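S.K.: Starting off with a structure, shown below.
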Amino acid sequence: MFDYKTFLNTVPTRPGVYCMKDAEGKVLYVGKAKDLKKRLSSYFHRDLPEIKTQRLVEKIFKIELTVTASEKEALLLETSLIKSLKPRYNVIFRDDKSYPYLFLSKHEYPRLIYCRGKQKEKGTFFGPYPSALAVKETLNLLQKNFQIRQCDDLFFKSRSRPCLQYQIKRCSAPCVGYIGPQPYNEEVKKLELFLTGKNNEMIQKFVAEMVAASNNLEFEKAASIRDQIISLRTVFDQQSIYGGAQNLDVCAIVGEHGQACIHYLLIREGRILASQSYFTKQFDNLNLSEILRMFIVQGYINQENKNWPNEIITNETMEDVELIAETLTQFAKRTIRISVAKRGDKVNWLKLAVENAKTNLHRRLNQSNLYIKRFESLKELLSLEECKRMECFDISHTQGVETRASCVVFNQDGPDKSAYRIYQIESATNDDYQSMVEVLTRRYLKLKEKNDSLPDLVIIDGGKGQLNCARQVFAECQITGVKLLAIAKGEKRKPGLETLFILDGEEIAEVSLVPHHPALHILQQIRDEAHRFAISKHRQARAKKSQSSVLDDIPGIGEKRKLNLIQYFGGLQELLAASEEAIQRVPGMSASLAATVYQALHPK
């Protein structure tokens, strides 16, 4: 048991970060404090307010401290450690990917791309966007209306004729001089007005161009600009607006039945540019202000390329709000305020965010209740003591090529995508039975060696043969207490006609359920998800292999140099025809490496 009294005697009263660990050395929780001794002492009071905190304290084996020079430094370190360690008892809203942005480069002919994280080249970031889908939809709209290039600078320099993007009217082909710097940058300015929410100013520019074209009797050009105006106004009409040219981020949190939802609104020039809900994992009791604090800390701090708001509006008063605002101001290099809206247009934005948070949380809870009911039905069908987690496996290949096995995981909240795994099959790749033996052996031997928890149920996409493979693996691994089941597709692969093969002791029971049975629905869902995951990863691997070339086998040529060579010359055939001196002119190529490439392409 952790001797907290002895430990607390050694804790300083300075600001810093504490890291709680269990007996196996796993990080349970990371926190920061203005006064480490005072904060850590609060964990060991007899009457802890939250069940979650009680469970955390029961598991503490040791606490590691890092003293910092200031509370601000502690806040930054806390954010960094939570992101890298992902402790079990911290609230974590996103995966380790950074937020998606649009990036406009600083160039004579700027390019517009979708990116995550920092860029080596100079330019301006716009965002963040709530999802990759949102930013890609925006990029598609911008390509249609502004025709700004997306290609990298090396590809841009090497072009002798326009690429496909020009043919489909997604680029104005500045690479071959079809448009000069001045008219191109006029389009860039209008693009920037759009991305910063200055829609009226941008439309005025379009209208002026349309009138000028019409006065010059360029009616086709005027009609094209008119169509652009109509397209963009349609987008603007879909965006809510509550007066005033406000640049705000709104973060509203609601909690119910052990879950919380934060709805985020990105508002620029009084219009919603992004809207997204984020959910916490389920906790016994919720401190909404603390969850909101962690959302803002994780989402804003260290985001150097962020399109910063003037103010962040919330519906909960947070601890350390002044410290957080001061830290964000430091990153933004201008004043950022954090406040609870009480009057004016800001209240309308906040009400909208709260309403969205409530609606999406209720939808999430209803979905969660549906999963719980289906799990209960499955538990009853299989006579299980517990049924809280299940895993499903599927194999995908094309005549034994690039065989992949998927493992998808469902719990009572639905798919747990962070636990999904894909396996590259290394044994008999054209033998589904042997492939199943390999993936199950690799999966469960590793779980057993690490003493990780096992699922209550393992599902195999297949029939008796695949189920016998699973039985063999679990017997050889000496794993017990896991129910095994195979689900075989029905006649003509019609949903609802599946047959279940259930391992019951040494016997295999064959069961058919009515199409509307809730247990069958959850089994169909996890089976289909395993199939989707396996086939998508198989197709990715197959596509990657089909794109391989002779360059892949040349020492010193990685993906980046390979791409540079192909783009510089315009294709593999052009590269084969190039001299050693020409290859040496490619950026990043030394004389010795150019000689190696040339000799590999022209063996004697």
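Placed from the backbone N, Cα and C atoms, the Cβ positions cover glycine too.
These came from TrEMBL, pasted as-is:
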DOMAIN    13-91  domain 'GIY-YIG'
DOMAIN    200-235  domain 'UVR'
DOMAIN    250-474  domain 'UvrC family homology region profile'
S.K.: Could you break down the residues of the domain 'GIY-YIG' (13-91) into DSSP helix, strand and coil, giving a count for each?
M.R.: 31 helix, 19 strand, 29 coil
S.K.: On average, what pLDDT score does this prediction assign to the domain 'GIY-YIG' (13-91)?
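M.R.: Across the residues of the domain 'GIY-YIG' (13-91) the model's pLDDT averages 85 on the 0 to 100 scale.
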S.K.: Which numbers of helix, strand and coil residues does DSSP report for the domain 'UVR' (200-235)?
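M.R.: Split into helix, strand and coil, the domain 'UVR' (200-235) gives 33 helix, 0 strand, 3 coil.
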